[in-house]
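Below: one structure, written as structure tokens.
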Amino acid sequence: MKVLFATGNIGKYHEAKQILARYGIEVERVDLDYPELQSDSLEEIAAYGARYCAESLGQPVIVEDSGLFIEALNGFPGPYSAYVFDTIGNEGILKLLEGEENRKAEFISVVGYCEPGGRPVTFTGEIRGRIAEEPRGEEGFGYDPIFIPEGEDSTFAELGVEEKCKISHRTKALERFAEWYKNNVAGR
């Protein structure tokens with residue numbers, strides 16, 4: 001079984017490849033630049049992206065959109081996480097939280113799947129945690145150096161990709177997709 005993953009993010013691709021391999025699903029990356037829907041809903045963004053890519057490629061495809069929701073910042077950056085990271089980075093987020101005791105945060109990932117002419121299906125995964133006082137660790141990408149998952153003392157970047165892929169928001173969303181895919185699409 002093989003699925004196309006439309007993403008320009010090589011880190012996401014490697015994580016998806018590792019996670020979906022457990023289900024016997026091979027992942028092929030397609031670097032398709034598609035317009036991102038401006039919405040406060042990760043589900044809407046992922047569904048739109050999946051439909052757009054499936055129609056553009058003429059093949060079934062998955063996309064993934066994720067957001068970091070920080071409680072003290074009223075859920076910011078949320079669905080705008082990629083833009084905010086590119087604009088102010090981890091240092092900017094830490095600056096916004098300077099002096100803030102409430103560092104609770106949640107990472108949410110939504111995987112969207114669509115076939116050409118079909119309706120998109122979405123799968124959500126989430127993980128609670130907190131924002132570190134400073135960036136820590138070398139592995140991963142994006143907000144990994146500042147996000148500490150609940151029950152851990154290490155950031156995602158300190159845990160490393162293999163450990164992160166056992167517990168992350170993206171893992172949960174991809175596992176939900178994989179179960180659905182095996183039961184509804186594979187072998188058709």
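Keep in mind that glycine also has a Cβ here, set from the backbone N, Cα and C atoms.
Record features, source Swiss-Prot:
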| type | residues | note |
| --- | --- | --- |
| ACT_SITE | Asp65 | active site, proton acceptor |
| BINDING | Thr7, Gly8, Asn9, Ile10, Gly11, Lys12, Ser66, Phe141, Gly142, Tyr143, Asp144, Lys164, His169, Arg170 | substrate binding site |
| BINDING | Glu36, Asp65 | Mg(2+) binding site |
Problem set entry | Pairwise CA distance, Thr7 (substrate binding site) versus the residue listed as 'active site, proton acceptor', rounded so that it is a whole Å | 10
Exercise. Taking Thr7, Gly8, Asn9, Ile10, Gly11, Lys12, Ser66, Phe141, Gly142, Tyr143, Asp144, Lys164, His169, Arg170 as the record's substrate-binding set, what's the max Cα pairwise distance in Å, rounded to a whole number?
Worked result: 20
Exercise. Which one of these recorded positions has the most other Cβ atoms within 10 Å of its own Cβ: Glu36, Asp65, Asp144?
Worked result: Asp65
Problem set entry | Asp65 (active site, proton acceptor) and Asp144 (substrate binding site), distance between Cα atoms, whole Å | 15
Exercise. Roughly how many angstrom lie between the C-alpha atoms of His169 (substrate binding site) and the residue listed as 'active site, proton acceptor'?
Worked result: 11
Seminar exercise, completed: Gly11 (substrate binding site) has its Cβ surrounded, within 10 angstroms, by a count of other Cβ atoms equal to 15
Exercise. Around Thr7 (substrate binding site), how many other C-beta atoms are within 10 angstroms of its C-beta?
Worked result: 23
Exercise. CB neighbours of Gly142 (substrate binding site) within 10 A?
Worked result: 21
Seminar exercise, completed: Long-range Cβ list for Asn9 (substrate binding site), cut-off under 8 Å, min separation 6+ in sequence, same chain only, gives Phe141
Seminar exercise, completed: For the residue listed as 'active site, proton acceptor' and Glu36 (Mg(2+) binding site), the CA-to-CA distance in whole Å is 10
Exercise. How many neighbouring Cβ atoms, not counting its own, are there within 10 Å of the Cβ of Ser66 (substrate binding site)?
Worked result: 26
Seminar exercise, completed: For His169 (substrate binding site), the number of neighbouring Cβ atoms whose distance to its own Cβ is within 10 Å equals 26
Seminar exercise, completed: Ser66 (substrate binding site) -> DSSP, reduced to three states, gives strand
Problem set entry | Nearest-integer angstrom distance between the alpha carbons (Cα) of Gly11 (substrate binding site) and Glu36 (Mg(2+) binding site) | 19
